[in-house]
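Data first, discussion second: the structure below is written as structure tokens.
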Amino acid sequence: MTLSELLPSLGCEAADRLEPGLWPRRTHLGAGGELLFAGAPVSHLAARFGTPTYLIDEAQVREAARAYGRALPEAEVAFAGKALCTRGVLRWIAEEGLSLDTCSAGEIAVARAAGFPAERILLHGNAKTPEDLKAALEYGVGRIVLDSLDEVEQLGSLAHGVQDVLVRVTPGVRGDTHEAVTTGTEGQKFGFSLRSDVRDNVDRAVTAVLAQPSLRLTGLHCHIGSQVSRVDRYEEAARRMIEVLVRVRENHGVALRELDLGGGHAVPYVARDDSFDLTGYARRLRVALAYECSSQDFPMPRLVIEPGRAIVGAAGITVYRVCAVKRGSRTFVAVDGGMSDNPRPSLYGARYTARLIGRHTKAARTPMTVVGRHCEAGDVLAADVYLPDDVHVGDLIAVPCTGAYHHSLASNYNLVSRPPLVSVHDGHATLLVPRETEEDLLRRC
Ligand SMILES: *Cc1c(COP(=O)(O)O)cnc(C)c1O
């Protein structure tokens, strides 16, 4: 139980300020309860672009990208495009000098349309289709991360020149995160196993790749999961991966020069969530790698990391309008979006906070549940959040930390149009992605 649950009046006090660390840095409360987002009044943005709308603070995305460059100047930082993949966003990422993770022909098409340099693109995926592989080869992406023996063969025969590849390893490290986003352990679908009794194991993968004249093995990859806040998990993964590199050198006579440790760095969604200590991560990773390499007499590999959520997550908010307030044993505040623009609560129990914006009220705050408009009881956006008792139809509700895995995970379930994505910079709004129209819907129905 939190302090504000024990003392509801605290919820009222707290209503006069934004929960620290959860809202984008340039988000402030203004006069009359207005929320200012990167210098623009959110009620004006809601009037101009409608609701629900995804807002993203361009400067914060760029700053997050730069923070990685500063923390780990020796590493290649690849933005995991699946977190938020639009041409506009990918242009910022390209301008900030980052590389890009993709995992489908579709994401490669968007990267291509954004003019993202091909040599800085990686292609991932546990089940790449021939179309994915062809799109990658045609654009000439820098590296393809191989995830099965079948894929080694397929890519080997499709590649004409020489394609640089990495092999994805299952390092057996738990990210301590939701099972649906745990990707570094045995018994899930990603990567080659370290167990020699398994057909798709690392040694067989390396043998298979080295036998393909059109593939050049540059290194190994692992990704332990998503929303991981414990730095020791990354140290552990780094140590294990150096051991694997040493074993590859022993068994195959090649000293691979690249080590990709994936992404997954956590972002706080609600007050009790841990945040990710980027500086500590950089320092401890550097020490772990240096120690492990020198004790095993292995040349320090070039480090690649792949943050997605940590670049864009905290830079975005979603703005909804209240459609109905239902009072009973629990008060439900139903808004004009829901699991179509944010499926994360129903997918893996993700928690969010929410606040009333756009007007000032002295009404007491009580716990309410913000729900969506979809035909599923699990369509909850934020449970037990403190909202003013006088919340009513037409009010605006803002939810922070919606920059990652919202636009990219959205559906048009119930044929609800997907929201627009609006970037805001110095008070100026730019429509990056328009709202889905009836015409868009009819093209598919
Ligand atoms: C999803 C994914 C990432 C990024 O994960 P975040 O949690 O957004 O940082 C990085 N690498 C791979 C291979 C992924 O699948």
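Including glycine, each Cβ sits where the backbone N, Cα and C put it.
These come from TrEMBL:
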- 59-313: domain 'Orn/DAP/Arg decarboxylase 2 N-terminal' (DOMAIN)
- Lys82: N6-(pyridoxal phosphate)lysine (MOD_RES)
- Gly264, Glu306, Pro307, Gly308, Arg309, Tyr405: pyridoxal 5'-phosphate binding site (BINDING)
- Arg309, Arg344, Tyr348, Glu376, Tyr405: substrate binding site (BINDING)
- Cys375: active site, proton donor (ACT_SITE)
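Ranking the recorded positions Lys82, Arg309, Arg344 by the number of CB atoms within 10 A of their own CB puts Arg309 at the top.
Taken in sequence order, the binding-site residues Glu306, Gly308, Arg309, Arg344, Glu376 that lie near ligand 1, meaning a CB under 6 Å from one of its atoms, are Glu306, Gly308, Arg309. With Gly264 (pyridoxal 5'-phosphate binding site) as the anchor, the candidate recorded positions are Lys82, Arg344, Cys375, Glu376, and the one with the nearest CA is Lys82. Here the binding-site residues are Tyr348, Tyr405; the one with the fewest Cβ atoms within 10 Å of its Cβ is Tyr348. If you take the Cα of Glu306 (pyridoxal 5'-phosphate binding site) and the Cα of Glu376 (substrate binding site), they are about 34 angstrom apart, rounded to a whole number. On a Cα basis, the residue listed as 'N6-(pyridoxal phosphate)lysine' lies 14 Å away from Arg344 (substrate binding site). On a Cα basis, Gly308 (pyridoxal 5'-phosphate binding site) lies 18 Å away from Tyr348 (substrate binding site). Local packing around the binding-site residues Glu306, Glu376 was summarised as the count of other Cβ atoms within 10 Å of each Cβ; on this measure the leading residue is Glu306.
For Pro307 (pyridoxal 5'-phosphate binding site), the nearest of the recorded positions Lys82, Cys375, Glu376 in terms of C-alpha separation is Lys82. Take the CB of Gly264 (pyridoxal 5'-phosphate binding site) and look out to 10 A: across all protein chains shown you find 29 other CB atoms.
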